[in-house]
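Q: Mind looking over this structure? Questions follow.
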Amino acid sequence: MLLGVNIDHIATLRQARYATMLDSFNVEPSVLDAAYAAQRGGADSITLHVRGDRRHMQDADALSVRESVALPLNLEMGNTPEMVDFALRLKPDYICMVPEKREEITTEGGLDAVFHEKDLAPTMARMADNGIQVSLFIDPEVPQVEAAARLGAPMIELHTGCFANHSGRERTEELARLKRAAELAHSLGIQVNAGHGINYQNLEQLLAGVPYLHELNIGHTIVSRALFVGMEQAVREMRQAIDRLS
């Protein structure tokens with residue numbers, strides 16, 4: 001199973017101090033150094049989200065990681081003309097289409113692929129024409145998986161936030177939803193990834209309950225752990241946990 005490391009919150013920390021002076025010589029922490037550390041720790045890919053409001057990752061961050069880090073790059077992005085143009089300039093290995101709300105702290109739910117199907121189709125076609133694979137970040141619901149299949153998405157990322165944020169019976173119900181969605185996607189020939197809220201504590205339950213997972217995209221818990229053990233070691237611990245449990 002592959003581990004994609006999301007390094008957005010390295011940029012979040014940097015922006016807390018240097019948002020208005022990114023050209024300063026002493027800006028820290030370095031997004032590029034975090035990507036290198038993730039690579040040394042065993043990451044299989046780097047994920048970053050360039051949001052429309054540029055609240056954390058900047059265009060220059062994505063471009064520097066793409067140019068310098070020898071790992072596949074996954075760009076999370078909203079389906080806007082601006083971001084489509086940027087993705088075509090960046091040429092990541094793949095993109096993950098996500099919803100965006102300016103008032104949210106982080107992405108709060110999956111993209112409604114059913115509602116936005118007509119808007120997504122031309123974007124996905126443009127990306128395919130440029131050799132960029134497209135994933136859709138969706139809630140684990142049958143209609144969403146079916147919409148992804150109609151759009152010809154080669155992969156999806158199941159939103160695991162509800163699983164992560166609940167316990168007891170509600171978490172069991174979320175696991176069942178994830179399992180059904182993963183099984184359906186697999187039967188339709190769609191690669192199944194997962195992300196949002198996955199941490200060192202809930203990883204075992206997720207992997208035991210959801211089949212056919214190909215890649216996990218994990219960020220906040222790794223960056224949080226890195227505050228105490230360093231980025232490379234935090235990634236290594238997650239890599240070892242995935243290898244042990246999968």
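Easy rule for this one: first residue shown is 1, then count along the chain.
Placed from the backbone N, Cα and C atoms, the Cβ positions cover glycine too.
Not my notes, these are from Swiss-Prot:
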type	residues	note
BINDING	Asn6, Arg17, Gly197, Gly219, His220	3-amino-2-oxopropyl phosphate binding site
BINDING	Asp8, His9, Arg51, His56, Thr106	1-deoxy-D-xylulose 5-phosphate binding site
ACT_SITE	His49	active site, proton acceptor
ACT_SITE	Glu76	active site, proton acceptor
SITE	Glu157	site 'Transition state stabilizer'
ACT_SITE	His196	active site, proton donor
Q: Given the recorded positions Asp8, Arg51, His56, Glu76, state which is nearest to Gly197 (3-amino-2-oxopropyl phosphate binding site) when distance is taken between Cα atoms.
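A: Checking each of Asp8, Arg51, His56, Glu76 against Gly197 (3-amino-2-oxopropyl phosphate binding site), the shortest Cα distance is to Asp8.
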Q: Restricting to the recorded positions Arg51, His56, Glu157, which ones have a CA within 10 Å of the CA of Gly219 (3-amino-2-oxopropyl phosphate binding site)?
A: none
Q: So what sits near Glu157 (site 'Transition state stabilizer') in its own chain, CB-to-CB under 8 Å and at least six residues off in sequence?
A: Cys96, Ser135, Leu136, Phe137, Ile138, Asn193, Ala194, Gly195, Asn217
Q: List the same-chain residues at least 6 positions away in sequence whose Cβ sits under 8 Å from the Cβ of His9 (1-deoxy-D-xylulose 5-phosphate binding site), in sequence order, or say none.
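A: Result: His56, Gly219, His220, Val223.
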Q: Of the recorded positions listed here (Arg17, His49, Glu76, His196), which is spatially closest to Asp8 (1-deoxy-D-xylulose 5-phosphate binding site) when Cα positions are compared?
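A: Going through Arg17, His49, Glu76, His196 one by one, the closest to Asp8 (1-deoxy-D-xylulose 5-phosphate binding site) is His49.
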Q: Return the count of C-beta atoms lying within 10 angstroms of the C-beta of Asp8 (1-deoxy-D-xylulose 5-phosphate binding site), excluding that atom itself.
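A: The answer is 22.
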